[in-house]
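Worksheet: the structure to be examined is printed underneath.
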Amino acid sequence: MTKLSGSDSKSTLYCSFCGKSQHEVRKLIAGPTVFICDECVELCNDIIREEIKGGVAARKDGAVPTPLEICQHLDAYVIGQNKAKRVLSVAVHNHYKRLANSGRGEDVELAKSNILLVGPTGSGKTLLAQTLARFLDVPFTMADATTLTEAGYVGEDVENIILKLLQSSDYNVEKAQRGIVYIDEIDKISRKAENPSITRDVSGEGVQQALLKLMEGTTASVPPQGGRKHPQQEFLQVDTTNILFIAGGAFAGLEKIIGDRLQGKSIGFGAHVAGPDERRAGEVLKQIEPEDLLKFGLIPEFVGRLPVIATLEDLDVDALVKILGEPKNALVKQYKKLFDLEEVALTFTDDALVAVAKKAIERKTGARGLRSIVEAILLDTMFDLPDLTDVVEIVVDKDVVEGRKDPVRVYADKAKEAAGDAA
């Protein structure tokens, strides 16, 4: 469109889309009776690229990634847990294969298989779910089950999970309906008592009931601005039928329930009291059955919505040492990169890595505790580093990890002397 400038007789041209004048943009392209500026062209290109990119885009031919391809990608970021990776890879492949063939009108309708991850704290449950979503390029959100309550009670509504998924897809409902939801700490919403109670359990059984419909597939009415503060807002309708739900939890004490079942343990006078099981918790969890989850406090309908169960083992010293150094985004690699930015090399000796792993096992924090241990070791060094001159390398050995000495600083002149001696 053309508007006349009030200050002079010359006409000023304006973008038909954003309304900016030719003086406010770099380029204005003319069409029959319309104009478009370079900024709007760039925005349109971004929108088109985003639309093309949407969906499961791990392969160029558009096919759903095979279980082997999914598992190989998980191997690059997650150490160990091979059984859990295989279970996840098959379940996710089948889920997105089901979506790819959903519109063909065949007689056999494929049901959705949500996934339950059971394993100790710091064994990699959350990392597996995050890595999967990143590889598949689908919207992903995490929810903490401990903050959820039934609608109408103080706490977070279950529908807020779908709102977070919508936000991660930029409110693209179509994309959100093919996303992945990871619900952490699912064991914390177990029923407080094994038998149903007449009192209302709004953060336990009540949340399980509220999650049931979402997980099996329903049309959820989601408030774009959050639950209760904006009652007049229009609701978005999101079909959860094709959203993959992955639930994870440590289920502390579940191994005892499994052990009791396996031993057929009786209760009362004269009952055989079993000694402590020498096997690690992860080994016992491999023999999990749905009835064990019911005894733990999950309701039957909820267990039924999670037909695929993958168990993770607690990590030993060897696995934690590998986690420190082997994955693409390994912790040691991250700190080396930080030191590289200061033009200083960072070296961890092999015995230092073993000592860090042993500390994490003592704290019973698994892989999650590794960062806090390494951070504590390097804190003072990182504080001083920007002001240090002539330091070319920081060396961390076993004595440093165990607190017997500070990280060793190697200065430029000593490094030159060492190089000369070696020659």
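From the backbone N, Cα and C atoms, a Cβ is placed for every residue, glycine too.
According to Swiss-Prot, the feature domain 'ClpX-type ZB' maps to 3-56. Marked as Zn(2+) binding site by Swiss-Prot: Cys15, Cys18, Cys37, Cys40. Taken from Swiss-Prot, the feature ATP binding site covers Pro120, Thr121, Gly122, Ser123, Gly124, Lys125, Thr126, Leu127.
Cα distances from Leu127 (ATP binding site) to the binding-site residues Cys15, Cys18, Cys37, Cys40 are smallest for Cys40.
Long-range Cβ proximity for Thr126 (ATP binding site), meaning a same-chain Cβ under 8 A and a gap of 6 or more residues, is found for Met142, Tyr182, Asp184, Gly248. Ranked by CA distance from Cys37 (Zn(2+) binding site), the binding-site residues Pro120, Thr121, Ser123, Lys125 have Lys125 at the top as the closest. In this structure, Cys18 is the one among the binding-site residues Cys15, Cys18, Cys37, Cys40, Leu127 with the smallest number of other Cβ atoms inside 10 Å of its Cβ.
Burial estimate for the binding-site residues (Pro120, Gly122, Gly124): highest at Gly124, by number of other CB atoms within 10 Å. In sequence order, Leu117, Gly119, Asp184, Gly248, Gly249, Leu312 constitute the residues six or more apart from Lys125 (ATP binding site) in its chain with CB-CB distances below 8 Å. In terms of C-alpha distance, the listed binding-site residues Pro120, Thr121, Gly122, Ser123, Gly124 place Gly124 closest to Cys15 (Zn(2+) binding site). Neighbours of Ser123 (ATP binding site), defined as other CB atoms within 10 A of its CB across all chains, total 28.
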